[in-house]
Amino acid sequence: WWDERVSARFRRNLQPTLTYWSVFFSFGLCIAFLGPTLLDLRCQTQSSLSQITWVFFSQQFCLLLGSCLGGVFKRTLAQSLLALFASSLAISLVFAIIPLCHNVLVLAVVMAVAGLAMGCIDTISNMQLVKIYQKDSAIFLQALHFFVGFGALLSPLIADPFLSDTNCILSNGTANASSNLPHIRKSLVPHHPGNLSHYELPMKGMVVTRVSYAFWIMALINLPVPIAVFFLLYKERMVPCFNGSSHPLLSADELALETRPGDKDELSSAAQRPQTAAGHEDLFSCCQSQNFRGASFTYFAVHITGALVLFMTDGIVGEYSGFVYSYAVEEPLAVVHKVAGYLPSLFWGFITLGRLISIPVSYRMKPATMVFINVVGVLVTFLLLLIFSSSVVFLFVGTASLGLFLSSAFPSMLAYTEDILHYKGCATTVLVTGAGIGEMVLQLLVGSIIHDRGSYSFLVCGMIFGCLAFTFYALLVFFHRMYPEPSPELDEASPAKAAAPEDTGQYQR
(Lines of atoms letter the chains of each structure in order from A and count residues from 1; the text may use other names and numbers.)
(Lines give C-alpha, C1' and ligand atoms only; values in the text may rest on other atoms or scores of the structure.)
Protein backbone atom coordinates (compact mmCIF):
# COMPACT_ATOMS: atom_id res chain seq x y z
CA TRP A 1 0.00 0.00 0.00
CA TRP A 2 2.93 2.30 -0.59
CA ASP A 3 5.04 2.82 -3.67
CA GLU A 4 8.61 1.74 -4.25
CA ARG A 5 10.01 5.22 -3.74
CA VAL A 6 8.72 5.42 -0.15
CA SER A 7 9.76 1.83 0.42
CA ALA A 8 13.29 2.59 -0.73
CA ARG A 9 13.51 5.59 1.56
CA PHE A 10 12.21 3.55 4.48
CA ARG A 11 14.74 0.76 3.87
CA ARG A 12 17.56 3.26 3.70
CA ASN A 13 16.46 4.87 6.98
CA LEU A 14 15.23 1.68 8.65
CA GLN A 15 17.46 1.80 11.73
CA PRO A 16 16.90 5.48 12.63
CA THR A 17 13.14 5.15 12.01
CA LEU A 18 12.82 2.10 14.25
CA THR A 19 14.96 3.85 16.86
CA TYR A 20 12.70 6.91 16.95
CA TRP A 21 9.66 4.66 17.21
CA SER A 22 11.20 2.77 20.13
CA VAL A 23 12.08 6.03 21.91
CA PHE A 24 8.45 7.09 21.65
CA PHE A 25 7.52 3.79 23.29
CA SER A 26 9.54 5.04 26.29
CA PHE A 27 7.46 8.21 26.22
CA GLY A 28 4.21 6.25 26.37
CA LEU A 29 5.52 3.88 29.04
CA CYS A 30 6.36 6.84 31.28
CA ILE A 31 3.22 8.91 30.74
CA ALA A 32 0.61 6.42 31.97
CA PHE A 33 2.07 4.63 35.01
CA LEU A 34 1.65 7.43 37.55
CA GLY A 35 -2.14 7.34 37.88
CA PRO A 36 -2.71 3.73 38.99
CA THR A 37 0.43 3.64 41.17
CA LEU A 38 -0.08 6.98 42.90
CA LEU A 39 -1.69 5.56 46.05
CA ASP A 40 1.14 3.07 46.53
CA LEU A 41 3.64 5.88 46.00
CA ARG A 42 1.75 7.89 48.61
CA CYS A 43 2.23 5.02 51.04
CA GLN A 44 5.90 4.73 50.10
CA THR A 45 6.51 8.42 50.77
CA GLN A 46 4.05 8.50 53.71
CA SER A 47 2.56 11.72 52.41
CA SER A 48 -0.96 13.07 52.26
CA LEU A 49 -3.08 12.74 49.13
CA SER A 50 -2.94 16.49 48.53
CA GLN A 51 0.87 16.37 48.68
CA ILE A 52 1.32 13.37 46.40
CA THR A 53 -0.91 14.86 43.67
CA TRP A 54 1.71 17.58 43.12
CA VAL A 55 3.81 14.86 41.49
CA PHE A 56 1.38 15.06 38.55
CA PHE A 57 2.02 18.77 38.19
CA SER A 58 5.81 18.41 38.34
CA GLN A 59 5.77 15.83 35.54
CA GLN A 60 3.36 17.72 33.28
CA PHE A 61 5.01 21.10 33.78
CA CYS A 62 8.50 19.77 33.06
CA LEU A 63 7.18 17.82 30.06
CA LEU A 64 5.99 21.12 28.64
CA LEU A 65 9.33 22.74 29.46
CA GLY A 66 11.22 19.84 27.86
CA SER A 67 9.11 20.19 24.71
CA CYS A 68 10.09 23.86 24.47
CA LEU A 69 13.78 23.10 25.02
CA GLY A 70 13.91 20.00 22.83
CA GLY A 71 14.50 22.02 19.67
CA VAL A 72 17.80 23.27 21.10
CA PHE A 73 19.31 19.87 20.29
CA LYS A 74 18.18 19.78 16.66
CA ARG A 75 21.11 21.68 15.19
CA THR A 76 23.03 18.53 14.33
CA LEU A 77 22.12 14.87 14.19
CA ALA A 78 24.77 14.13 16.82
CA GLN A 79 23.14 16.54 19.28
CA SER A 80 19.70 15.07 18.61
CA LEU A 81 20.81 11.47 19.10
CA LEU A 82 22.83 12.27 22.21
CA ALA A 83 19.80 14.05 23.68
CA LEU A 84 17.58 11.06 22.86
CA PHE A 85 20.12 8.68 24.38
CA ALA A 86 20.30 10.73 27.58
CA SER A 87 16.50 11.10 27.74
CA SER A 88 15.68 7.41 27.20
CA LEU A 89 18.40 6.38 29.66
CA ALA A 90 17.02 8.90 32.17
CA ILE A 91 13.59 7.27 31.93
CA SER A 92 15.05 3.85 32.77
CA LEU A 93 16.95 5.39 35.68
CA VAL A 94 13.80 7.14 36.89
CA PHE A 95 11.92 3.83 36.94
CA ALA A 96 14.76 2.26 38.92
CA ILE A 97 15.05 5.18 41.36
CA ILE A 98 11.34 5.69 42.13
CA PRO A 99 11.20 2.76 44.61
CA LEU A 100 14.04 4.44 46.53
CA CYS A 101 12.18 7.75 46.91
CA HIS A 102 10.73 7.86 50.42
CA ASN A 103 10.11 11.61 50.42
CA VAL A 104 7.41 13.22 48.29
CA LEU A 105 9.63 16.18 47.38
CA VAL A 106 12.36 13.84 46.13
CA LEU A 107 9.74 11.92 44.14
CA ALA A 108 8.47 15.16 42.57
CA VAL A 109 12.03 16.09 41.53
CA VAL A 110 12.57 12.65 40.00
CA MET A 111 9.30 12.91 38.08
CA ALA A 112 10.31 16.40 36.93
CA VAL A 113 13.46 14.87 35.40
CA ALA A 114 11.25 12.28 33.69
CA GLY A 115 9.05 15.08 32.36
CA LEU A 116 12.04 16.92 30.88
CA ALA A 117 13.21 13.69 29.21
CA MET A 118 9.74 13.04 27.80
CA GLY A 119 9.50 16.58 26.44
CA CYS A 120 12.84 16.26 24.64
CA ILE A 121 11.78 12.90 23.18
CA ASP A 122 8.48 14.39 21.98
CA THR A 123 10.04 17.29 20.10
CA ILE A 124 13.18 15.62 18.75
CA SER A 125 11.56 12.41 17.48
CA ASN A 126 8.80 14.29 15.62
CA MET A 127 11.33 16.74 14.22
CA GLN A 128 13.80 14.11 13.00
CA LEU A 129 11.14 12.04 11.24
CA VAL A 130 9.85 15.14 9.47
CA LYS A 131 13.42 15.94 8.39
CA ILE A 132 14.01 12.44 7.03
CA TYR A 133 10.73 11.86 5.18
CA GLN A 134 9.52 15.39 4.38
CA LYS A 135 6.47 15.01 2.10
CA ASP A 136 6.22 11.32 3.01
CA SER A 137 6.35 11.91 6.76
CA ALA A 138 2.63 11.50 7.55
CA ILE A 139 2.61 7.71 7.54
CA PHE A 140 5.74 7.49 9.70
CA LEU A 141 4.40 10.06 12.18
CA GLN A 142 1.22 7.98 12.54
CA ALA A 143 3.35 4.94 13.39
CA LEU A 144 5.42 7.03 15.80
CA HIS A 145 2.36 8.05 17.78
CA PHE A 146 1.03 4.50 17.76
CA PHE A 147 3.97 3.55 19.96
CA VAL A 148 2.97 6.20 22.51
CA GLY A 149 -0.42 4.56 22.89
CA PHE A 150 1.16 1.11 23.05
CA GLY A 151 3.46 2.16 25.87
CA ALA A 152 0.59 3.94 27.66
CA LEU A 153 -1.43 0.72 27.58
CA LEU A 154 1.44 -1.49 28.71
CA SER A 155 2.62 0.31 31.85
CA PRO A 156 -0.70 0.08 33.79
CA LEU A 157 -0.89 -3.62 32.90
CA ILE A 158 2.60 -4.16 34.32
CA ALA A 159 1.74 -2.24 37.49
CA ASP A 160 -1.66 -3.82 38.15
CA PRO A 161 -0.49 -7.16 39.73
CA PHE A 162 1.67 -5.26 42.24
CA LEU A 163 -0.92 -2.69 43.40
CA SER A 164 -2.19 -2.97 46.96
CA ASP A 165 -5.73 -4.30 47.32
CA THR A 166 -6.13 -2.59 50.70
CA ASN A 167 -4.52 0.46 52.22
CA CYS A 168 -0.75 0.00 52.05
CA ILE A 169 -0.04 1.79 55.37
CA LEU A 170 -1.15 -0.34 58.31
CA SER A 171 -2.44 1.59 61.33
CA ASN A 172 -5.42 1.66 63.67
CA GLY A 173 -7.57 3.40 61.08
CA THR A 174 -6.79 0.95 58.27
CA ALA A 175 -10.05 -0.95 58.53
CA ASN A 176 -12.13 2.18 57.93
CA ALA A 177 -9.88 3.52 55.16
CA SER A 178 -9.53 0.29 53.18
CA SER A 179 -13.06 0.39 51.81
CA ASN A 180 -12.33 3.71 50.09
CA LEU A 181 -9.20 2.53 48.32
CA PRO A 182 -10.70 0.83 45.22
CA HIS A 183 -12.82 3.93 44.53
CA ILE A 184 -9.89 6.31 44.98
CA ARG A 185 -7.60 4.19 42.81
CA LYS A 186 -10.08 4.21 39.94
CA SER A 187 -10.17 8.01 40.24
CA LEU A 188 -6.45 8.25 39.60
CA VAL A 189 -6.39 8.00 35.83
CA PRO A 190 -3.15 8.72 33.96
CA HIS A 191 -3.69 12.43 33.31
CA HIS A 192 -5.46 13.83 36.34
CA PRO A 193 -5.66 12.89 40.01
CA GLY A 194 -9.22 14.12 40.53
CA ASN A 195 -10.62 15.56 43.75
CA LEU A 196 -9.24 13.46 46.61
CA SER A 197 -9.41 15.91 49.46
CA HIS A 198 -12.42 14.27 51.12
CA TYR A 199 -10.75 10.87 51.47
CA GLU A 200 -8.79 10.27 54.67
CA LEU A 201 -6.10 7.60 54.69
CA PRO A 202 -3.52 7.05 57.45
CA MET A 203 -0.13 8.71 56.93
CA LYS A 204 1.90 6.86 59.56
CA GLY A 205 2.45 3.17 60.06
CA MET A 206 4.08 0.15 58.44
CA VAL A 207 4.35 0.36 54.61
CA VAL A 208 3.26 -2.87 52.87
CA THR A 209 3.42 -2.02 49.15
CA ARG A 210 4.99 -4.19 46.43
CA VAL A 211 4.83 -1.57 43.68
CA SER A 212 8.66 -1.37 43.58
CA TYR A 213 8.72 -4.57 41.51
CA ALA A 214 6.54 -2.95 38.84
CA PHE A 215 8.95 -0.04 38.44
CA TRP A 216 11.98 -2.30 38.23
CA ILE A 217 10.25 -4.39 35.55
CA MET A 218 9.46 -1.24 33.57
CA ALA A 219 13.09 -0.11 33.93
CA LEU A 220 14.26 -3.41 32.42
CA ILE A 221 11.67 -3.24 29.61
CA ASN A 222 12.79 0.28 28.73
CA LEU A 223 16.53 -0.50 28.88
CA PRO A 224 16.80 -1.74 25.24
CA VAL A 225 15.67 1.72 24.05
CA PRO A 226 18.81 3.70 25.08
CA ILE A 227 20.87 0.74 23.84
CA ALA A 228 19.19 1.07 20.41
CA VAL A 229 19.96 4.81 20.36
CA PHE A 230 23.58 4.08 21.29
CA PHE A 231 23.88 1.59 18.41
CA LEU A 232 22.56 4.25 16.04
CA LEU A 233 25.16 6.69 17.38
CA TYR A 234 27.82 4.05 16.87
CA LYS A 235 26.69 3.29 13.32
CA GLU A 236 26.75 6.98 12.44
CA ARG A 237 30.21 7.27 14.06
CA MET A 238 28.99 9.90 16.52
CA VAL A 239 30.29 8.25 19.66
CA PRO A 240 33.01 10.62 20.96
CA CYS A 241 35.85 8.16 20.28
CA PHE A 242 34.93 7.83 16.58
CA ASN A 243 35.01 10.27 13.68
CA GLY A 244 33.85 10.42 10.13
CA SER A 245 30.67 9.43 8.37
CA SER A 246 29.14 6.11 7.55
CA HIS A 247 26.24 7.14 5.33
CA PRO A 248 25.41 4.36 2.86
CA LEU A 249 25.59 5.27 -0.80
CA LEU A 250 22.37 5.15 -2.77
CA SER A 251 22.02 2.36 -5.27
CA ALA A 252 21.32 3.30 -8.88
CA ASP A 253 17.70 2.11 -8.62
CA GLU A 254 17.05 4.07 -5.42
CA LEU A 255 18.69 7.17 -6.90
CA ALA A 256 16.45 6.92 -9.96
CA LEU A 257 13.37 6.52 -7.75
CA GLU A 258 14.29 9.54 -5.63
CA THR A 259 14.87 11.82 -8.63
CA ARG A 260 12.44 10.58 -11.24
CA PRO A 261 11.53 13.44 -13.62
CA GLY A 262 7.79 13.27 -13.01
CA ASP A 263 8.08 13.96 -9.31
CA LYS A 264 8.15 17.74 -9.32
CA ASP A 265 7.13 18.01 -5.68
CA GLU A 266 10.16 16.00 -4.65
CA LEU A 267 12.49 18.22 -6.66
CA SER A 268 10.96 21.34 -5.15
CA SER A 269 11.26 19.81 -1.69
CA ALA A 270 14.87 18.88 -2.33
CA ALA A 271 15.61 22.45 -3.33
CA GLN A 272 14.26 23.64 0.00
CA ARG A 273 16.11 21.10 2.14
CA PRO A 274 19.33 23.04 2.57
CA GLN A 275 17.20 25.48 4.61
CA THR A 276 15.57 22.76 6.73
CA ALA A 277 18.09 22.90 9.54
CA ALA A 278 17.48 26.62 9.95
CA GLY A 279 13.72 26.14 9.93
CA HIS A 280 13.25 23.61 12.74
CA GLU A 281 14.18 25.82 15.65
CA ASP A 282 13.61 25.56 19.37
CA LEU A 283 10.86 27.76 20.75
CA PHE A 284 13.22 30.50 21.93
CA SER A 285 15.10 30.65 18.61
CA CYS A 286 11.77 30.80 16.78
CA CYS A 287 10.89 33.94 18.72
CA GLN A 288 14.03 35.82 17.70
CA SER A 289 13.36 38.89 15.62
CA GLN A 290 15.59 37.89 12.70
CA ASN A 291 13.26 34.98 11.97
CA PHE A 292 10.40 37.40 11.40
CA ARG A 293 12.07 39.47 8.70
CA GLY A 294 10.18 39.25 5.45
CA ALA A 295 7.62 36.82 6.89
CA SER A 296 4.06 37.29 5.72
CA PHE A 297 0.99 37.51 7.92
CA THR A 298 -0.09 34.04 6.81
CA TYR A 299 3.24 32.59 7.99
CA PHE A 300 2.36 33.52 11.58
CA ALA A 301 -1.31 32.63 11.12
CA VAL A 302 -0.51 29.07 10.02
CA HIS A 303 1.72 28.53 13.06
CA ILE A 304 -0.86 29.98 15.47
CA THR A 305 -3.98 28.27 14.10
CA GLY A 306 -2.19 24.91 13.82
CA ALA A 307 -1.07 25.18 17.45
CA LEU A 308 -4.59 26.19 18.56
CA VAL A 309 -6.12 23.14 16.87
CA LEU A 310 -3.75 20.89 18.81
CA PHE A 311 -4.28 22.98 21.95
CA MET A 312 -7.92 21.93 21.76
CA THR A 313 -7.59 18.32 20.55
CA ASP A 314 -4.77 17.34 22.92
CA GLY A 315 -6.54 19.24 25.68
CA ILE A 316 -9.64 17.13 25.01
CA VAL A 317 -7.53 13.96 25.31
CA GLY A 318 -6.28 15.11 28.71
CA GLU A 319 -9.56 16.34 30.14
CA TYR A 320 -11.66 13.44 28.82
CA SER A 321 -9.35 10.71 30.08
CA GLY A 322 -9.05 12.60 33.35
CA PHE A 323 -12.74 13.17 34.10
CA VAL A 324 -14.79 10.55 32.25
CA TYR A 325 -14.69 8.28 35.30
CA SER A 326 -15.90 11.03 37.62
CA TYR A 327 -18.66 11.88 35.14
CA ALA A 328 -19.79 8.25 34.85
CA VAL A 329 -20.13 7.55 38.59
CA GLU A 330 -22.21 10.69 39.22
CA GLU A 331 -25.94 11.12 38.57
CA PRO A 332 -27.76 10.57 36.26
CA LEU A 333 -25.61 7.68 34.99
CA ALA A 334 -24.41 6.38 38.39
CA VAL A 335 -22.25 3.68 36.80
CA VAL A 336 -20.78 1.09 39.16
CA HIS A 337 -17.26 2.16 40.12
CA LYS A 338 -15.62 -1.00 38.84
CA VAL A 339 -17.37 -0.70 35.46
CA ALA A 340 -16.63 3.03 35.19
CA GLY A 341 -12.95 2.26 35.80
CA TYR A 342 -12.82 0.65 32.34
CA LEU A 343 -13.69 3.91 30.55
CA PRO A 344 -10.20 5.50 30.61
CA SER A 345 -8.68 2.18 29.49
CA LEU A 346 -11.25 1.94 26.68
CA PHE A 347 -10.43 5.51 25.62
CA TRP A 348 -6.67 4.87 25.46
CA GLY A 349 -7.19 1.49 23.83
CA PHE A 350 -9.10 3.02 20.93
CA ILE A 351 -6.56 5.83 20.62
CA THR A 352 -3.92 3.13 20.14
CA LEU A 353 -6.14 1.22 17.70
CA GLY A 354 -6.88 4.41 15.76
CA ARG A 355 -3.19 5.19 15.42
CA LEU A 356 -2.56 1.69 14.10
CA ILE A 357 -5.35 2.05 11.53
CA SER A 358 -4.05 5.50 10.55
CA ILE A 359 -0.69 4.12 9.43
CA PRO A 360 -1.96 2.67 6.10
CA VAL A 361 -4.78 5.22 5.79
CA SER A 362 -2.37 8.17 5.97
CA TYR A 363 -0.57 6.96 2.87
CA ARG A 364 -3.72 7.17 0.75
CA MET A 365 -5.34 10.18 2.41
CA LYS A 366 -4.03 13.73 2.62
CA PRO A 367 -3.19 15.05 6.11
CA ALA A 368 -5.67 17.92 5.66
CA THR A 369 -8.49 15.43 5.01
CA MET A 370 -7.53 13.36 8.05
CA VAL A 371 -7.54 16.42 10.31
CA PHE A 372 -10.97 17.39 8.94
CA ILE A 373 -12.31 13.91 9.78
CA ASN A 374 -10.72 14.17 13.24
CA VAL A 375 -12.28 17.48 14.24
CA VAL A 376 -15.70 16.74 12.70
CA GLY A 377 -15.74 13.31 14.34
CA VAL A 378 -14.93 14.81 17.73
CA LEU A 379 -17.65 17.44 17.32
CA VAL A 380 -20.31 14.90 16.26
CA THR A 381 -19.35 12.48 19.05
CA PHE A 382 -19.71 15.13 21.75
CA LEU A 383 -23.03 16.22 20.25
CA LEU A 384 -24.36 12.65 20.44
CA LEU A 385 -22.98 12.25 23.96
CA LEU A 386 -24.98 15.33 24.97
CA ILE A 387 -28.14 14.04 23.27
CA PHE A 388 -27.84 10.57 24.84
CA SER A 389 -26.39 11.78 28.13
CA SER A 390 -28.55 9.36 30.13
CA SER A 391 -27.38 6.25 28.23
CA VAL A 392 -24.58 4.22 29.81
CA VAL A 393 -24.18 2.12 26.67
CA PHE A 394 -23.68 5.17 24.48
CA LEU A 395 -21.16 6.57 26.95
CA PHE A 396 -18.97 3.55 26.24
CA VAL A 397 -19.63 3.77 22.49
CA GLY A 398 -18.91 7.51 22.50
CA THR A 399 -15.70 7.02 24.49
CA ALA A 400 -14.44 4.51 21.94
CA SER A 401 -15.49 6.78 19.05
CA LEU A 402 -13.79 9.80 20.59
CA GLY A 403 -10.57 7.82 21.05
CA LEU A 404 -10.61 6.82 17.37
CA PHE A 405 -11.19 10.36 16.11
CA LEU A 406 -8.58 11.93 18.39
CA SER A 407 -5.95 9.27 17.73
CA SER A 408 -4.44 10.69 14.55
CA ALA A 409 -5.07 14.40 15.17
CA PHE A 410 -1.54 15.28 16.30
CA PRO A 411 0.54 13.50 13.60
CA SER A 412 -1.87 14.53 10.85
CA MET A 413 -1.82 18.17 11.94
CA LEU A 414 1.96 18.12 12.18
CA ALA A 415 2.32 16.69 8.67
CA TYR A 416 -0.27 19.13 7.27
CA THR A 417 1.29 22.23 8.82
CA GLU A 418 4.81 21.27 7.79
CA ASP A 419 3.54 20.74 4.23
CA ILE A 420 2.02 24.22 4.18
CA LEU A 421 5.24 25.84 5.41
CA HIS A 422 7.46 23.77 3.09
CA TYR A 423 9.48 22.58 6.10
CA LYS A 424 10.92 26.05 6.71
CA GLY A 425 8.91 27.25 9.71
CA CYS A 426 8.91 26.39 13.39
CA ALA A 427 5.81 24.23 13.08
CA THR A 428 7.07 21.15 14.93
CA THR A 429 8.23 23.09 17.99
CA VAL A 430 5.20 25.40 18.08
CA LEU A 431 2.71 22.55 17.65
CA VAL A 432 4.31 20.32 20.29
CA THR A 433 4.36 23.25 22.71
CA GLY A 434 0.75 24.22 21.96
CA ALA A 435 -0.43 20.64 22.47
CA GLY A 436 1.39 20.39 25.82
CA ILE A 437 -0.05 23.68 27.07
CA GLY A 438 -3.55 22.63 26.00
CA GLU A 439 -3.35 19.32 27.82
CA MET A 440 -2.27 21.02 31.02
CA VAL A 441 -4.55 24.09 30.91
CA LEU A 442 -7.79 22.40 29.85
CA GLN A 443 -7.47 19.81 32.62
CA LEU A 444 -7.29 22.55 35.24
CA LEU A 445 -10.08 24.54 33.58
CA VAL A 446 -12.49 21.61 33.26
CA GLY A 447 -11.72 20.44 36.80
CA SER A 448 -12.70 23.79 38.26
CA ILE A 449 -15.84 24.04 36.10
CA ILE A 450 -17.01 20.56 37.09
CA HIS A 451 -16.44 21.44 40.74
CA ASP A 452 -18.61 24.57 40.42
CA ARG A 453 -21.23 23.51 37.84
CA GLY A 454 -21.58 19.74 38.23
CA SER A 455 -20.65 16.70 36.18
CA TYR A 456 -22.87 17.54 33.16
CA SER A 457 -20.60 20.49 32.36
CA PHE A 458 -17.94 17.89 31.47
CA LEU A 459 -19.72 17.15 28.17
CA VAL A 460 -20.62 20.80 27.58
CA CYS A 461 -16.94 21.75 27.88
CA GLY A 462 -16.00 18.98 25.44
CA MET A 463 -18.57 20.26 22.94
CA ILE A 464 -17.24 23.81 23.23
CA PHE A 465 -13.64 22.64 22.77
CA GLY A 466 -14.69 20.58 19.75
CA CYS A 467 -16.38 23.61 18.16
CA LEU A 468 -13.27 25.71 18.77
CA ALA A 469 -11.04 23.01 17.25
CA PHE A 470 -13.21 22.96 14.11
CA THR A 471 -13.19 26.77 13.93
CA PHE A 472 -9.42 26.96 14.19
CA TYR A 473 -9.07 24.23 11.56
CA ALA A 474 -11.31 26.20 9.18
CA LEU A 475 -9.09 29.25 9.76
CA LEU A 476 -6.00 27.15 9.08
CA VAL A 477 -7.44 26.00 5.74
CA PHE A 478 -8.27 29.62 4.90
CA PHE A 479 -4.71 30.76 5.66
CA HIS A 480 -3.33 27.78 3.74
CA ARG A 481 -5.06 29.03 0.61
CA MET A 482 -3.54 32.47 1.17
CA TYR A 483 -0.03 31.18 1.91
CA PRO A 484 2.32 31.67 -1.07
CA GLU A 485 3.35 28.52 -2.90
CA PRO A 486 7.07 28.03 -3.67
CA SER A 487 8.07 29.06 -7.17
CA PRO A 488 9.93 26.21 -8.89
CA GLU A 489 13.27 27.64 -9.95
CA LEU A 490 14.99 24.41 -10.91
CA ASP A 491 15.77 23.67 -14.50
CA GLU A 492 17.55 20.81 -16.13
CA ALA A 493 20.94 22.53 -16.13
CA SER A 494 20.82 24.17 -12.74
CA PRO A 495 23.45 23.24 -10.16
CA ALA A 496 20.72 23.01 -7.53
CA LYS A 497 19.09 20.18 -9.37
CA ALA A 498 22.35 18.38 -9.78
CA ALA A 499 22.91 18.62 -6.05
CA ALA A 500 19.41 17.57 -5.06
CA PRO A 501 19.99 13.78 -4.91
CA GLU A 502 22.58 14.32 -2.18
CA ASP A 503 19.84 15.18 0.33
CA THR A 504 16.94 12.91 -0.51
CA GLY A 505 15.80 11.84 2.90
CA GLN A 506 19.24 11.21 4.34
CA TYR A 507 20.34 12.48 7.72
CA GLN A 508 21.74 15.99 8.01
CA ARG A 509 24.67 16.25 10.35
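Using N, Cα and C of the backbone, Cβ positions are placed for all residues, glycine too.
Annotated transmembrane segment per TrEMBL: 18-39, 51-73, 80-98, 104-125, 137-158, 213-234, 297-317, 339-357, 369-388, 428-450, 456-479, in sequence order. Under the heading region 'Disordered', TrEMBL lists 487-509.
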Counting only CB pairs under 8 A, let me know which of 18-39, 339-357, 369-388 has the most with the transmembrane segment (104-125). 18-39
Spell out yes or no: are there three or more C-beta pairs under 8 angstroms between the transmembrane segment (213-234) and the transmembrane segment (137-158), with each pair 6 or more apart in sequence? yes
Grab the same-chain neighbours of the transmembrane segment (428-450) for me: Cβ-Cβ under 8 Å, and only residues 6 or more beyond its ends, written as numbers and ranges. 60-61, 63-64, 67-68, 70-71, 119, 122-123, 126-127, 130, 191-192, 195, 280-283, 286, 303, 306-308, 310-319, 322-323, 326-327, 410, 413-414, 417-418, 457-458, 461, 465
Could you check whether the transmembrane segment (456-479) packs against the transmembrane segment (297-317) - three or more CB pairs closer than 8 Å, residues at least 6 apart in sequence? yes
I need to check the long-range neighbours of the transmembrane segment (297-317): which residues 6 or more away from its ends have a CB within less than 8 Å of a CB in the stretch? 191, 351, 371, 374-375, 378, 402, 406, 409-410, 413, 416-417, 420-421, 425-427, 430-431, 433-439, 441-443, 462, 465-466, 468-469, 472-473, 475-476, 479-480, 482-484
To the transmembrane segment (51-73), which of 18-39, 80-98, 137-158, 339-357 is linked by the most Cβ pairs under 8 Å? 18-39
